[in-house]
Each structure stands twice: as C-alpha cells, then as structure tokens.
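One structure below.
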There are 2 protein chains.
Amino acid sequence: MESAKSRIVTKASSAPPLTNPGELIDSVETFIFDCDGVIWKGDKLIDGVPETLDLLREKGKRLVFVTNNSTKSRKQYGKKFETLGLSVSEEEIFASSFAAAAYLKSIDFPKDKKVYVVGEDGILKELELAGIQYLGGPADGDKKIELKPGYMMEQDKDVGAVVVGFDRYFNYHKIQYATLCIRENPGCLFIATNRDAVTHLTDAQEWAGGGSMVGAILGSTKREPLVVGKPSTFMMDYLANEFKIQKSQICMVGDRLDTDILFGQNGGCKTLLVLSGVTTLSMLQDPKNSIQPDFYANKISDFLSIKATAV
Amino acid sequence: MESAKSRIVTKASSAPPLTNPGELIDSVETFIFDCDGVIWKGDKLIDGVPETLDLLREKGKRLVFVTNNSTKSRKQYGKKFETLGLSVSEEEIFASSFAAAAYLKSIDFPKDKKVYVVGEDGILKELELAGIQYLGGPADGDKKIELKPGYMMEQDKDVGAVVVGFDRYFNYHKIQYATLCIRENPGCLFIATNRDAVTHLTDAQEWAGGGSMVGAILGSTKREPLVVGKPSTFMMDYLANEFKIQKSQICMVGDRLDTDILFGQNGGCKTLLVLSGVTTLSMLQDPKNSIQPDFYANKISDFLSIKATAV
C-alpha cells in the first residue's frame, strides 16, 4: 500500500516500473545491453547477471552488448566478459572502437588515407582489423612540444580522419596534431567514439570520460564531431542491417538517460532503464528530466522474477 | 580608381578602412591593444610598433595592453615587452592570468578556500600576488593516474574555484582533478581565462589555444565556464573602474573579430581591426561574418600616416 501510494505522487509522464518482465521479454527478439552500470561496475559483475543472461538465451533471445568505451577492441572486451565468468562471443560485442572502424568502412574510407587516433589500444586494434592505416594513439603519449622560435609541428597530409576516444594519456601534442589535421587537411573528418561526461575506469568513482577529449578538440577546431557511439544511431542502424532485425523488436537496456535511453529511442526501440549504474530513481523522476524510458527496473536480474512467478 | 571601384562591390554593412587616423586618435583618450597579432607575432615585433606607441604617448593617450594569454603574469609580460625593445610598465598590462586573480578578489574569494589551476606559471604568480591559495598548475604536469581496481583520486575539499587557461602540460590527471572539484565541491566555480581556439606559441604556425583545455573540462562537467578574458567584459569593466575611463573614450585595437572586436563592442568602446594577425580582409568582408569593427587598418603603424599628412 505504501509503495502504491508513493507511486501515485509521481507525475503521470514519468516512466513506470517494470512490473511484468515476462511481457517485455515476449514482445522483443533482441536485447541490447549497455555494459558499464548494467552488466558490471568497474571490475565487478552486477548481482544476478549470469542467471539473467542464461534465462534470456533459454528463451531464444538474441543478446548484443554495446559500450561507448573505446579503450578495448571487441576481442579485448570478450576477455573481460570471460574474466567475469560470462560466456559472450566477439560477434555479440559492439564497442565504440569497433563502431569507429565500421563507420569508416561504411563510407569506403580511401585505402591511401590514414586515421590519426586520439585514444587507446582498442581503436588501433579495430582499425587494423578493418585494414585502415593509422598513426597516433598510445605512441604519442609521451610526446612533448618544443617551443623554440620558428618551431612548427607538421601533420601528415594523408590523414583523412581524426578518431577521438577516451585517452588517459591525453596531452597537448595530440591536441595540436589532431587540430592541424582537422583544420588544415582538406575534407578531414572529425569522428568521436562518444561524448560521455563520465566513465567507470574503476568502480571506486566516476572518471572524466571521452567527452573531455572530444571537447578539447572541439575547443580548438570549433568543429562539431560525428559521433559513432551512443546516443547516435550509427550502431543501432548497423546492428539492424547486420542482423536483419526490426528495430521495434529490440529492447535497449541501459543505465544512462542521455546516452542509452536516448540511443534506444533515437533508433525506434523499446527502452528499459536500470538503476544499477549512474541514474537514480529521483534523477529519473526529476521534473527537469525529459528523457523517459518505457520502463525502469533496479537491475537486469529483475527479469528473474518471471521464474518465481512461473513456479 | 581601381580600389574605389572594388570597395563599392563590398556590401554596405562591411567596416570601412581607417582613412583618417588623426580623427580616431583625437576622439578617444585610451587605446587598448591586443598583443598577439597586433604588437607582436610569436617572438617578432610587428613593423612600426615602437614609433606608433611613441606617437600615441606624445599625443597624451593612455595605453593599455590586454592579452588572453595566461601563461605569463603581468611582470613576466613586462619582460617580453622589454626584450622586444618596448617600454611598457607592469600597470599597463592586463593579461588573463591577472584577470582571473582580479576576478576572484572582486568577489571576495574566501581566504580559507583554494584554487585548483589548470594552466601555466602566469596564473600561479598572479594568484600569489593576490594572496590566494592555490594548487595544481605545472606541479601536476607529470602526474599519471593508477588504474588499480578500487583506485580513486581524492580532491581537496577546500577547492572553491578551478581556473583553466592554456596549458602545454595538460594531462588526464588535471582533467579528472578539475572535474572532481567542479562536480563534487559544493559551489565550486569554473573560471576560464579564455576560450580562444588558437594561440601563437611560436610565429611559425597557429597552436591549439586555451579553448581546448576549457572544452575538455566542459566535456566532463557539462558546466559552462565563467570567462574573464576577452570577449567577456570583465577586463573592460575592471579597466574602466580602475582608471575611471568612460568606455566611449576607449578604442579597442585587435586582430580577432570574435574576441577583440566583440570585446570592444560588448564593452561599448570604439573598435579598430588590424589585419596583421589572424584575420584577413576577405574574412572580415565574408557575408557570413556578422562582427564588424568601426574601422580596419593593415597594422597599427598605419597611425603614422598622420605624421606624413602633417608635414
């Protein structure tokens, strides 16, 4: 009675809790899961995840794991799932590192052009697999600029795209190199893996995210990036094409309103917010929040209640 | 005839060239000069500057030198003028490093609070002179983050303002520290010395400017900074108060439309664009450019033509 009462106080436009997970499961064929805050937090698996994924697989659902984290490749991400005791194949994983490479392939990025990378190993690995030439990345992590009079940095004139992702070794050399490519190489693309304000490098606190690196390059080029990660629909469109999925048959499950839920809505999917990550119930129900999922749940293991009900 | 003709083609709303410098000089009592691109370019003095400044001093004009460059303090800037053979006193120099300290003094920044600095030595020096406690700056230039599970960075809870300026030793440690202060210390201010896309570290090319560092912190905090440098009017208001100048009696001379000229116009001053820096005549006359100064000239030594006329 108490909880029913408090629910009445909530304004009518706020998303309802997921009271009938069985119905949601039956209504879609694919679940797309965000990883940080949904499957794990930093290096810790969230309660009940293995059983939940098993349940959905038993019910014949296709599972896809998307993440805006570009520091790892699909293969490297696969190892993270394995370490946590989850059996997930490389093909089920869509990291924004992969999305950047897939985007460049989708536009037939010329073979004789190169990509300058501000970011970590995952982007390099995915570009390599896609057969795209690159420079930068961790190799530029220790570079310093010399400020002798007359000194100038020269960028490779063959750089046709700058890909920017989270980079813990971000420095001024990279800012200047990326800026020169974007400002001075005709037609050079500015691609962002994501613009997330925060990321979960460790489970102990929130860390400044890829939005910082992208913001820096935007600040010196005054150019808006093309975003391939959430909430842009590139990954969703790619997934729908690749697996021939109807978007209305997809449920996007995530912990962030302005990336995950917006991503699902932008793509025309059903959406489920879980409160196991960065968003709290009061943030969801704040009158200033205009992004409302179809449902919310505490965590994905709330799906398991259908088993209890079935018994 | 030819030049008169081509001038007719220019749309009516475009700024006229300075044909009568004597009239402009007589109409104001103070000249505010931007430095990079007006007085010097990188480490080289622009032609005719010493004679021009002498002429204006002879005519009893007050001279003020403003710069968005925050890497030096007023005193350090004084040395740069001296090295270039210009006699300018510390009190005539208004760098954005000084503006940041002056702003904090103007709001009575509490004595028990500290400033976290993303930037170079100039900001530290000015905070020191203003008696304001600080941390960060060059001392954090080599700091790296450790990503052991459970690791967290702890920020000083007494940081009440983050000041962000150009920083060639910018790194992820600084991004995360600044982000934590702004996001987690209640009421913490986010102050930008400037948001310039480019700066002239050397005379050989344009370098990514303070806009990069500010953009990075904006990207991780989603907070807009309070800007104390151009084109914000803080420095102009401070100057008007300090010297008891009427703003209509000031002429702002600069090479950038979106900082210098906008700064002058925001402050209600007369404005003169010089083409000795980043702006070309075609950029000024581009129909997409909406910022028009009162006049434009090739360089400040165009003032010297009044001498020739007087003979």
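Using N, Cα and C of the backbone, Cβ positions are placed for all residues, glycine too.
Features as listed in TrEMBL:
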- B:D34: active site, nucleophile (ACT_SITE)
- B:D34, B:D36, B:D255: Mg(2+) binding site (BINDING)
- B:D36: active site, proton donor (ACT_SITE)
- B:K230: substrate binding site (BINDING)
Measuring CB to CB from B:D36 (Mg(2+) binding site), give everything in the same chain under 8 Å that is also at least six residues away in sequence.
B:T67, B:N69, B:T199, B:H200, B:D255, B:G277
Just jot down the residues in the same chain as the residue listed as 'active site, nucleophile', at least 6 apart in sequence, with C-beta under 8 A of its C-beta; none if empty.
B:V66, B:T67, B:K230, B:M252, B:V253, B:G254, B:D255, B:R256, B:T259, B:D260, B:G277
What three-state class does DSSP give B:D34 (active site, nucleophile)?
strand
B:D255 (Mg(2+) binding site) has how many other Cβ neighbours within 10 Å of its own Cβ?
24
In the same chain, which residues outside the set B:D34, B:D36, B:D255 have their CB within 8 A of the centroid of the CB atoms that define the Mg(2+) site?
B:C35, B:G37, B:V38, B:I39, B:T67, B:G254, B:R256, B:D260, B:V274, B:G277, B:V278
Suppose we draw a 10 Å sphere around the Cβ of B:K230 (substrate binding site). How many other Cβ atoms does it contain, all chains included?
33
With H, G and I counted as helix, E and B as strand and the rest as coil, say where DSSP puts B:D255 (Mg(2+) binding site).
coil
